[in-house]
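Taken straight from Swiss-Prot:
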- Cys230: active site, nucleophile (ACT_SITE)
- Cys121, Cys122, Cys204, Cys207: [4Fe-4S] cluster binding site (BINDING)
Amino acid sequence: MLTYDQWEKAEKPSFPSDNETKGALDVLAWAYREYGDEIVYACSFGIEGIVLIDLISQVKPDAEIVFLDTGLHFPETYDTIAKVKEKYPSLRIVMKQPRLTLEEQKAQFGDELWKRDPNKCCELRKVIPLREVLTGVTAWISGLRREQSPTRRHVEYINKDDKFRSIKVCPLIHWTWKDVWNYVYKRHLPYNVLHDRGYPSIGCAPCTAPATDPNDLRSGRWAGQGKTECGLHLA
């Protein structure tokens, strides 16, 4: 088994990127053979997440899908999760919540921490919960695409994740925005209606706005904060 500690010595698998799913199904088939129940998919239920869930369901219908439920998501996001649960009843969708409720966070750090220190808020409500999830597994799946942002352009199918001391599997690295939507329409998949309202990237409601730059899908995230990532994908 390819693990974090054995990364340097282990032989890394290679996958074709010129087939119908640009390698995604091949990567997922390998990942679930390699790790079985020791791999989880941390899903935001954005549009890439919907594609990955559908692909995963074809490989492992009872896979574990973890949603980092910060308590600050849009109602439309929770509606999307409900639709996904209905479409894929065999999937094990886990709503992972932070240790602190919003009221406890307010008492300890002050009101609306996301405005004053968004990095701290993301750490408390996303990074630490994901670290807790990954403590019990060897690898995790992410919907990162190289096209999404400059910080993601060098992502590989299989990555050594130093932040979480884990293996990070990214099946969609070669998919374009058009590829994602073509797949969703072709498969008639449910998706977050906010995507139709100018939100290509969707996170917590207080820190997400419609995209301001048509060439930057994440330009609506943490607008004016000098921040482009929640911290899950930064070493």
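Placement of Cβ uses the backbone N, Cα and C atoms for every residue, glycine included.
Small disclaimer: the values here were computed from a predicted structure and weren't measured.
Cβ-based neighbour count (10 Å, all protein chains) for Cys121 ([4Fe-4S] cluster binding site) stands at 23.
For the recorded site, Cys204 ([4Fe-4S] cluster binding site), the DSSP three-state label reads strand. Counting every protein chain shown, 22 other Cβ atoms lie within 10 Å of the Cβ of Cys204 ([4Fe-4S] cluster binding site). Considering other CB atoms within 10 Å as the measure, the emptiest surroundings among the binding-site residues Cys122, Cys207 are those of Cys207.
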